[in-house]
Amino acid sequence: MAFLLHQARFFTTVNHLRDLPPTVQPEIAFAGRSNAGKSTAINVLCNQKRLAFASKTPGRTQHINYFSVGPAAEPVAHLVDLPGYGYAEVPGAAKAHWEQLLSSYLQTRPQLCGMILMMDARRPLTELDRRMIEWFAPTGKPIHSLLTKCDKLTRQESINALRATQKSLDAYRDAGYAGKLTVQLFSALKRTGLDDAHALIESWLRPAAADEDHAAVAE
């Protein structure tokens with residue numbers, strides 16, 4: 001099966017809101033704590049080894065990185081890799097800059113159609129993960145959570161983590177969050193959940209094409 005995400009390439013790096021590209025294509029943001037496996041997951045989803053840089057130093061990635069998706073001449077969408085958060089040794093000024101950059105981008109970018117929130121399956125929904133959800137909540141746009149590194153858990157532990165996270169997300173819905181809140185298990189190493197993640201992300205990027213595919217299957 002050919003995936004749209006496999007046609008991804010580096011587009012630009014942004015350090016300030018004023019530098020966001022004046023593009024019109026839909027965007028999907030990828031967010032997560034430092035060491036949640038965000039860069040590795042992006043690389044696996046896009047079937048590339050070094051598309052997103054996975055730093056060995058937590059908190060090193062301090063910019064918003066854009067990747068275009070689709071034909072090089074006419075990209076159809078952008079993947080947006082947000083700075084990892086939660087690393088204690090990052091200076092206070094840098095943390096403040098990241099928070100302003102992240103919250104403003106998530107709340108005001110009209111091209112943004114959804115957020116993929118990466119959380120370590122062993123430690124889901126930390127305080128900072130919840131803050132990301134709460135920043136994004138006013139938009140009413142969907143959030144899909146990937147519980148990464150689930151290969152480090154037993155099957156029963158994975159099931160328990162998935163159920164507990166879904167229950168916590170349901171509480172946001174009960175409190176009035178308008179957007180869809182979904183979650184799945186994911187392992188870049190074992191490729192667990194890869195097809196499900198592909199299908200969901202591509203349905204956000206090109207819903208018309210996804211509807212056509214579903215209609216064709218139904219026939």
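The backbone N, Cα and C atoms fix where each Cβ goes, glycine too.
Sequence annotations record features per position, and here Swiss-Prot assigns domain 'EngB-type G' to 24-207. Look at Swiss-Prot and you will find 32-39, 59-63, 81-84, 148-151, 185-188 tagged as GTP binding site, backed by sequence analysis. What Swiss-Prot lists as Mg(2+) binding site is SER39, THR61.
Mapped onto this structure are the features recorded in Swiss-Prot.
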residue: GLY32; record: GTP binding site; DSSP class: strand
residue: SER39; record: Mg(2+) binding site; DSSP class: helix
residue: HIS63; record: GTP binding site; DSSP class: coil
residue: GLY84; record: GTP binding site; DSSP class: coil
residue: ASP151; record: GTP binding site; DSSP class: helix
residue: ALA188; record: GTP binding site; DSSP class: coil
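Among the listed binding-site residues, namely ALA36, SER39, ASP151, ALA188, the Cβ with the most fellow Cβ atoms inside 10 Å is that of ALA36. Here HIS63 (GTP binding site) comes close to THR13, VAL14, ASN15, PRO83: these same-chain residues lie at least six apart in sequence, with C-beta atoms under 8 angstroms from its C-beta. Counting in whole angstrom, ALA188 (GTP binding site) lies 10 from SER39 (Mg(2+) binding site) by their C-alpha atoms. Most Cβ neighbours within 10 Å among the binding-site residues GLY32, GLY84: this distinction goes to GLY32. Taking the C-alpha positions, the distance from SER39 (Mg(2+) binding site) to GLY32 (GTP binding site) comes to 10 Å.
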